[in-house]
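*Asks:* The active site annotation in Swiss-Prot covers ASP61, and the record cites sequence analysis as its basis. Per Swiss-Prot, ATP binding site is recorded for LYS32, GLY33, GLY34, VAL35, GLY36, LYS37, THR38, THR39, GLU244, ASN271. The Zn(2+) binding site feature in Swiss-Prot is assigned to CYS282, CYS285; the stated evidence is sequence analysis.
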Amino acid sequence: MASAALIDSDMEPTLQPILDQKTLRWIFVGGKGGVGKTTTSCSLAIQLAKHRKSVLLISTDPAHNLSDAFNQKFGKDARLINGFDNLSAMEIDPNGSIQDLLAGGGESGEDAMAGLGGMGNMMQDLAFSIPGVDEAMSFAEVLKQVKSMSYEVIIFDTAPTGHTLRFLQFPTVMEKALSKVSQLSRQFGPMLNSFLGGGGRLPNGQNIDELVEKMEALRGTISEVNGQFKDADLTTFVCVCIPEFLSLYETERMIQELNSYEIDTHSIVVNQLLFPKQDNPCEQCNARRKMQKKYLEQIEELYDEFNVVKMPLLVEEVRGKEKLEK
């Protein structure tokens, strides 16, 4: 089916412009679930490690895949990837992050708030019920750790689109959370003081005012880094999709949202493309290529000013340093 055929020359665009942009400090890789975000972010991180002194790859997806991609266990602390001396990776647990913030370190957040009895349980339930708070606290933990580290460029392997958009709304969520805490403090101040006992402290030494102060300090860090996120010289977002309707729909939605957040995006990676083989005719393959061609043309028409990178469907899994590097 000649009209559906895609030739190798169509695959020329690459992510080389991102590698060449030496000012970049933050790179986000995101898209619909199952389109190859982790593979793309891992491959990009490996290539960046050839051009930069130090690179950090962070997974903010609750269903972490970095460990599977590199055949190496990662956790909430940055760890060098086997075979590299300048490429590290870490996986953030958003639920753990909010508990650490509530506790201020040491004991768990649940133990800290338990000292307030029923009032503590209500405040903890409130914190967890604020829309997007898990993504926000994950973001806060990332920034806190990044602030104390020294990496030339940081790549975020993000969660599927909906989570990622909430993840990028952190400043707004933080404002709402602080507003709720302040409102509760004013409304239930006398009642809280009667629960707290001498010195206005919880049994474990934690103080509600100290909690609020820590959240305010964290907001200051967020404000600083958020300014960098809106700087196209420092930050870009790589959209990953496949040539299908739902993926294209989510990509458009994400790009519109990124524009509203003032976050630069000019690269789209289209994965799982089928290419014709002359000696292996396949009716299903031809039908799928025809469908892919239709959506690929729509992508090129919609995003004619974008760098559209086309990647073929591979015959085997992309796992391990060698395959990711290719």
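Each residue, glycine too, has its Cβ placed from N, Cα and C.
Since we're looking at a predicted model, the values are computed, not measured.
Walk me through the surroundings of each of these features.
*Replies:* Of all the Cβ atoms in the protein chains shown, 24 others lie within 10 Å of the Cβ of ASP61 (active site).
Taking a C-beta cut-off of under 8 angstroms and a sequence separation of 6 or more, LYS32 (ATP binding site) has the following same-chain neighbours: PRO160, THR161, CYS241, ILE242, LEU246, SER247, GLU250, THR251.
In the three-state DSSP reading, CYS285 (Zn(2+) binding site) counts as helix.
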*Asks:* Could you state, as a whole number of Å, the largest distance between Cα atoms of any two of LYS32, GLY33, GLY34, VAL35, GLY36, LYS37, THR38, THR39, GLU244, ASN271, the listed ATP binders?
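*Replies:* The span, Cα to Cα at its widest, is 19 Å.
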*Asks:* According to DSSP, which kind of secondary structure is GLY36 (ATP binding site) found in, if we only use helix, strand and coil?
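*Replies:* For GLY36 (ATP binding site) - judged by DSSP and reduced to three states - the answer is coil.
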*Asks:* Please give me the CB contact count at 10 A for GLY34 (ATP binding site), counting all chains in the structure.
*Replies:* 11
*Asks:* Cα-Cα, whole number of Å: CYS285 (Zn(2+) binding site) versus GLY36 (ATP binding site)?
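*Replies:* That comes out at 20 Å between the alpha carbons.
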